[in-house]
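Novice: When I checked Swiss-Prot for this same protein, it listed these features:
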BINDING   Gly11, Ser12, Gly13, Lys14, Gly15, Thr16, Arg128, Gly173  ATP binding site
BINDING   Thr32, Arg37, Asp58, Phe59, Val60, Gly86, Tyr87, Pro88, Arg89, Gln93, Arg134, Arg145  AMP binding site
REGION    31-60  region 'NMP'
REGION    127-137  region 'LID'
Amino acid sequence: MTRMLIIGPPGSGKGTQAERISERLGVVAISTGDIFRANVKGETPLGIEAKKYMDNGDFVPDSVTNKMVRDRLSESDVESGFLLDGYPRTTAQVDYLDEILAKNEEKLDVVLQLTADDEELVHRLLGRAKETGRSDDNEAVIRHRLDLYHEQTEAVVAKYAERGILTQVDGIGPIDEVTDRVMQAIKAAQAA
């Protein structure tokens, strides 16, 4: 059973790599973005609350996010393992995830961090905005999202590094090459 996280800045290719890891390892990929969208679409109480923050481009507060993730991790398809994308973002969420896993006598096996230069990410996200017509992907918003990511995630990364389960992979390059690096890193981490 593989229980892992994938973290990285906006535009680093987390979603793409999460799909590929999921297919290759046979674990369910769980994106907090997908959880939020499903709750918003279903107009659940948590979804209605989350929508207020999402509409302003803000992170959804821990209290809401934690409950959504807890509910998702209680579903039967995660019994054979999971790959969480976009959670935890804060050290409080790290602690909450630890509690969820401890209740099932589980722990994380690997925390994979995709790394990339901010300027490359800005360039990549601006290109994606032109292709998709996403109005929320202008340079100021992109830089704000990157700043938020760095501000919140550094402590999370440090916590997992202390535990010896963090592995970093360069997220820049052709998608297949990044996937090869990711899979090699996962195998090395699992063998350690």
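Even glycines carry a Cβ here, placed using N, Cα and C.
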Novice: Are there residues at least six beyond either end of the region 'NMP' (31-60) with Cβ under 8 Å to its Cβ atoms? List them, or say none.
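Specialist: For the region 'NMP' (31-60), the far contacts come to 15, 18, 67-69, 72, 84-87, 89, 136, 141, 144-145, 148, 152.
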Novice: Please find which two of Gly11, Ser12, Gly13, Lys14, Gly15, Thr16, Arg128, Gly173 have the most distant C-alpha atoms, given that the record lists them as binding ATP, and give only that distance in angstrom, rounded to a whole number.
Specialist: 16
Novice: Tell me, in order along the sequence, which binding-site residues from Thr32, Asp58, Val60 have their CA within 10 Å of Lys14 (ATP binding site).
Specialist: none
Novice: I need the least crowded one of these binding-site residues (Gly11, Gly13, Gly15, Gly173), counting other C-beta atoms within 10 angstroms of each C-beta.
Specialist: Gly173
Novice: Any idea what DSSP makes of Thr16 (ATP binding site), helix, strand or coil?
Specialist: helix
Novice: Taking every protein chain shown into account, which of the binding-site residues Ser12, Thr16, Thr32 has the largest tally of Cβ atoms within 10 Å of its Cβ?
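Specialist: For the binding-site residues Ser12, Thr16, Thr32, the Cβ with the most other Cβ atoms within 10 Å is Ser12.
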